[in-house]
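Reading through the structure tokens given below for one structure.
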């Protein structure tokens with residue numbers, strides 16, 4: 001609307017030539033630094049045991065050129081922390097820590113970078129990650145999208161509500177709802193944003209296993225109906241899907257929404273949620289990401305990064321490619 005103040009996210013995109021870089025995979029990088037994350041809490045286990053490693057990974061992505069840092073709270077839920085024997089207060093404190101670590105990394109990096117007038121960096125934004133209900137279940141159901149008849153809209157809102165409130169209160173710049181597998185959960189997220197009256201921008205990312213629809217089998221046209229009506233959600237897109245799906249999904253989303261389009265695919269390897277391991281598949285190498293990132297931008301993506309099994313090296317290549325071709 002005319003005269004309406006731009007959000008931090010809109011400003012960042014505009015000041016970056018129309019496309020910004022979000023970060024990449026977290027768990028792979030934590031493991032590289034010696035973290036043991038074979039746990040239902042996944043990389044969020046490091047919030048309890050090795051928070052310094054989380055900050056280290058954030059710094060590596062900033063150095064690689066990420067304009068947006070996504071917090072380590074994807075699989076961090078209060079029920080998940082309770083199952084570890086922690087109290088509600090301790091669980092909430094760990095959610096706050098996920099934002100604090102990212103903000104501290106960003107502030108520290110930026111105070112150093114801005115002293116160098118020739119630096120190529122922009123002041124990054126911190127996006128608080130909110131994983132789907134399926135991510136909490138840790139059984140791969142975010143890639144199937146079928147939560148069963150007992151999981152209602154009310155149950156999904158109850159599941160997300162307190163975590164959403166705690167993360168917002170911790171002071172991120174925006175919210176990132178990730179690997180949403182169906183319309184019901186997208187609706188739960190949108191309704192909560194309205195009910196809590198969240199004042200920072202959000203993006204909602206679905207995943208896809210067939211390159212055409214949400215994991216539930218529902219069309220993206222159907223899934224986006226509720227999102228398109230919300231002014232609390234500024235961007236929509238796809239994360240944690242194979243990179244070769246982006247070529248067809250970006251134009252599809254462009255037809256279905258006026259919101260900014262965000263894509264951060266995985267490396268192309270496929271996660272087996274039952275066996276809890278990555279299966280080799282049609283992988284992109286880092287150099288492929290550089291070529292395709294410019295293509296995805298041409299197709300209409302405004303926020304581009306990586307998800308599982310991508311690294312700071314991937315993000316460096318994406319960042320360089322997008323900056324070279326502004």
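Each residue, glycine too, has its Cβ placed from N, Cα and C.
Note that the structure is a prediction, hence the values are computed from the model and not measured.
These come from TrEMBL:
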DOMAIN    8-322  domain 'Hcy-binding'
BINDING   240, 307, 308  Zn(2+) binding site
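Within 8 Å of the centroid defined by the CB atoms of 240, 307, 308, the record's Zn(2+) site, lie the Cβ atoms of 25, 179, 207, 239, 241, 264, 265, 266, 306, 309, 310, excluding the listed residues themselves. Within the model, the domain 'Hcy-binding' (8-322) carries an average pLDDT of 94. Residues within less than 8 Å, Cβ to Cβ, of residue 307 (Zn(2+) binding site) and separated from it by at least 6 positions along the same chain comprise 24, 25, 239, 240, 264, 265, 266.
The number of other CB atoms found within 10 A of the CB of residue 308 (Zn(2+) binding site), across every protein chain shown, is 21. Around the Cβ of residue 240 (Zn(2+) binding site), 23 further Cβ atoms fall within 10 Å across all displayed protein chains.
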